[in-house]
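This report refers to the structure that appears directly beneath it.
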Protein chains: 2
Amino acid sequence: MKNLKGAALLGQSGGPTSVINSSAAGVFLEALKQENITDVYGAVHGIKGVLHEEFYDIRQEDVEELKLLKNTPSSAIGSVRYKLADPKKDDTDYKRLLEVFKKYNIRYFFYNGGNDSMDTCNKISKFFKKSGYDCNVMGVPKTIDNDLNITDHSPGFASAAKYVATSFMELYLDATVYAIPQITIVEVMGRNAGWLTAASALASYKGQGPDLIYVPEVAFDLEEFFEDVKRILKEKGKVLVAVSEGIKNAKGQYIAETLQELKTDAFGHAQLGGTAAVLATEVSNRINVKVRAIEFSLLQRSAAHLASKVDVEEAFKAGQKAVKAAVRGTTDKMVGFERVSSNPYKIKYKLISLKKAANEEQKLPLEWIKPRGQGFTQEFIDYALPLIQGESKAKLVDGLPRFAKLKKIRVQKK
Amino acid sequence: MKNLKGAALLGQSGGPTSVINSSAAGVFLEALKQENITDVYGAVHGIKGVLHEEFYDIRQEDVEELKLLKNTPSSAIGSVRYKLADPKKDDTDYKRLLEVFKKYNIRYFFYNGGNDSMDTCNKISKFFKKSGYDCNVMGVPKTIDNDLNITDHSPGFASAAKYVATSFMELYLDATVYAIPQITIVEVMGRNAGWLTAASALASYKGQGPDLIYVPEVAFDLEEFFEDVKRILKEKGKVLVAVSEGIKNAKGQYIAETLQELKTDAFGHAQLGGTAAVLATEVSNRINVKVRAIEFSLLQRSAAHLASKVDVEEAFKAGQKAVKAAVRGTTDKMVGFERVSSNPYKIKYKLISLKKAANEEQKLPLEWIKPRGQGFTQEFIDYALPLIQGESKAKLVDGLPRFAKLKKIRVQKK
């Protein structure tokens with residue numbers, strides 16, 4: 001839909017990353033330049049903010065602060081986990097969204113998130129089209145899990161991967177300090193896709209990483225695990241283990257499931273965590289040495305001080321390109337990456353239909369995974385290493401990062 | 001004892017820090033320059049390595065790798081937690097040490113550690129003197145806990161403090177992302193002294209830090225804690241809490257103690273951990289909102305990528321100055337810092353008797369601690385802020401730190 005004139009709206013969705021705000025900076029700064037975009041709004045806590053007519057007026061922000069968003073972690077305008085119903089079953093939310101979009105003449109909608117958010121985006125886009133409301137809807141990818149479909153990778157993954165690899169190198173040195181046998185089990189986020197846990201293999205590639213790495217793509221066998229831990233303990237005196245929160249047994253049950261009550265989030269996903277702790281307890285019961293469980297927890301998705309420059313720049317450009325494409329008339333697409341070459345690293349941006357991008361998880365290729373937790377093939381290293389290159393972080397003031405501070409002035413409700 | 005000619009030996013002791021190897025670099029590089037120092041040895045796992053005649057031959061290392069130690073976290077030559085007996089009760093170890101020192105003609109002994117290590121150092125020094133063996137014994141301070149006596153601060157604290165403050169700023173942004181009430185409890189290391197937990201106040205000083213901070217110096221009242229958490233939750237919808245692992249109730253019992261079995265380490269210290277988890281469970285039982293516990297765990301003492309330049313440089317100089325002082329004839333002293341001014345930051349190095357430095361814990365001044373977990377006075381900010389200035393970290397290769405890789409060639413046993 002070309003030459004649409006109206007407001008642009010950005011929503012941030014799902015779990016934050018170190019660079020989701022870099023995409024926001026890309027969207028905002030580009031939207032502010034576009035003649036056809038009359039106003040620039042930020043949805044207060046994603047799609048829920050839209051339903052409640054709660055918007056920040058981005059035109060009232062200082063451009064310098066918006067630029068600082070590039071290196072500010074977390075979701076500056078607030079995020080949400082809210083699943084829209086299937087419009088065929090219940091179109092209440094969609095009708096309300098249409099009403100709000102019309103009322104504020106929102107003609108450009110950008111939604112920055114993972115699989116579920118692209119699904120949301122897709123449903124909204126289709127509903128608007130069916131309703132005859134002209135609005136260009138664009139998805140901007142974001143996920144530390146790297147499980148968005150079709151795109152080579154997603155913004156957020158690389159910085160989290162850099163955090164994981166760097167932290168494993170440091171932990172490796174720490175965990176080998178005493179002349180006593182020791183087992184350290186470190187839990188990395190990742191419910192169904194093991195990309196981020198696999199990033200620990202970059203540390204092993206540098207000779208300072210985990211001995212064993214377990215991802216959800218491969219069934220986890222507790223007995224084999226004990227065998228392998230015991231063998232390495234005998235050989236080296238220390239064992240460093242990387243484990244995805246979402247590892248499952250051969251029956252597909254989460255390993256953490258047996259020992260804790262599971263909660264589910266708004267999307268019906270099991271809320272995991274504690275996998276390392278559960279495993280550490282099991283190991284302690286079987287092997288009489290010092291065992292420690294460490295969880296990277298929220299640190300892995302918010303450590304902007306360790307962001308990859310490649311990631312920060314790509315996240316920004318993905319936002320920028322979404323706006324440019326929308327203004328050119330593109331709708332119903334997500335900005336994605338296609339890898340041209342790994343060495344030297346070169347990507348090209350592409351537009352992927354929202355339907356294809358949404359709701360199918362891109363998992364680690366099984367042929368990249370070595371058997372029995374022994375890490376990953378060179379293909380994975382070649383894939384991941386270019387992504388974590390370079391540094392881009394907030395300027396330090398008093399030795400501490402100067403993150404963006406937005407005024408967050410609300411748009412008056414109409 | 002001047003003009004002693006013989007070998008120099010360095011031992012690393014206790015928990016690692018981001019900069020303990022910077023002190024090692026200072027000792028090694030300076031010792032290699034000194035004419036009176038015939039050989040330079042590194043004890044394999046501290047005092048235990050000495051007892052077992054296990055030394056690395058530092059002369060065989062590449063000087064360039066030794067320089068990389070400045071930015072390599074953890075204890076490169078291995079550490080130990082081993083408490084020497086009171087020599088009046090059992091002098092077996094001391095006699096053995098004397099035998100080993102004589103056999104290898106070790107005339108300069110440097111021990112890099114915290115309170116217990118300075119106590120070890122002091123006992124060895126006194127025993128050698130009593131036995132008529134000339135050896136200059138110097139302590140080099142190291143502790144993320146910052147609890148060494150008399151010195152203004154200790155190497156290792158500042159880098160851990162920078163990690164804590166930076167991570168709290170990032171977590172603050174992450175923890176406020178959703179429009180749902182949320183309580184996040186973050187545990188920081190510190191058994192009896194709250195310096196490192198207090199460093200979270202630097203984040204609050206920047207407007208992006210914890211709402212409540214609890215340190216071991218002040219009795220922790222569970223009821224007051226619940227009251228304050230509820231009040232802040234009502235006001236802000238989110239509560240971010242910093243808590244020392246070693247917080248105690250009015251009876252002096254560790255808060256974590258009531259819900260877990262305590263183990264003790266070789267020094268008879270209680271092995272804590274899980275304080276945040278225990279508190280989170282308690283809060284969950286009383287307040288029906290999302291509660292998350294995060295432990296910085298080993299990350300806070302090994303995150304060399306976030307080291308403070310001030311700290312790295314001071315750690316290096318402390319090692320260097322220990323060697324220079326020993327060669328000049330000083331013995332039985334620890335290198336310490338005296339603050340000349342905070343703004344601009346200026347310190348002078350001083351020599352503190354090992355006896356005074358050892359075994360008395362320097363705690364947070366009570367007058368710097370605001371009541372009911374409300375943080376710290378400006379005095380603490382003025383004290384801590386200059387320490388976390390500047391960056392000094394390992395060169396990146398492939399986007400990952402290039403840490404020192406020592407050859408670790410053993411000295412042949414005599």
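From the backbone N, Cα and C atoms, a Cβ is placed for every residue, glycine too.
Nobody curates TrEMBL annotations by hand; they come from automatic prediction.
The active site, proton acceptor annotation in TrEMBL covers A:D145. Its Cβ taken as reference, A:D145 (active site, proton acceptor) is surrounded by 29 other Cβ atoms within 10 Å in the chains shown.
The diphosphate binding site annotation in TrEMBL covers A:G15. For A:G15 (diphosphate binding site), the Cβ neighbour count at a 10 Å cut-off comes to 23, with all displayed protein chains included.
If you look up TrEMBL, you'll see A:N115 marked as Mg(2+) binding site. Long-range Cβ proximity for A:N115 (Mg(2+) binding site), meaning a same-chain Cβ under 8 A and a gap of 6 or more residues, is found for A:T143, A:D147, A:L148, A:N149, A:A357, A:A358, A:N359, A:E360, A:E361.
According to TrEMBL, the feature substrate binding site maps to A:T143, A:I144, A:D145, A:M189, A:G190, A:R191, A:E245.
Summarising the annotation, TrEMBL assigns domain 'Phosphofructokinase' to A:12-290.
Taking the Cβ of A:D116 (site 'Important for catalytic activity and substrate specificity') as centre and 10 Å as the limit, one finds 22 other Cβ atoms among all the protein chains shown. Among the features that TrEMBL reports, site 'Important for catalytic activity and substrate specificity' is placed at A:D116.
For A:K142 (site 'Important for catalytic activity'), the number of other Cβ atoms no farther than 10 Å from its own Cβ, over all displayed protein chains, is 33. What TrEMBL records for A:K142 is site 'Important for catalytic activity'.
According to its DSSP assignment, A:N115 (Mg(2+) binding site) is helical.
A:D145 (active site, proton acceptor) has A:M189, A:G190 nearby among the recorded positions A:D116, A:M189, A:G190, A:E245, counting only those with a Cα within 10 angstroms of its own Cα. Contacting chain B by the Cβ rule (under 8 Å between Cβ atoms), the recorded positions A:N115, A:K142, A:T143, A:M189 reduce to an empty set. The Cβ centroid of A:T143, A:I144, A:D145, A:M189, A:G190, A:R191, A:E245 marks the substrate site; residues of that chain outside this set whose Cβ lies within 8 Å of it are A:G15, A:D147, A:V188, A:A193, A:W195, A:L196, A:S244, A:G246, given in sequence order. Cα distances from A:K142 (site 'Important for catalytic activity') to the binding-site residues A:G15, A:G190, A:R191 are smallest for A:G15. In this view, A:M189 (substrate binding site) is surrounded by 22 other Cβ atoms within 10 Å of its Cβ, with every protein chain counted. Counting in whole angstrom, A:G15 (diphosphate binding site) lies 9 from A:I144 (substrate binding site) by their C-alpha atoms.
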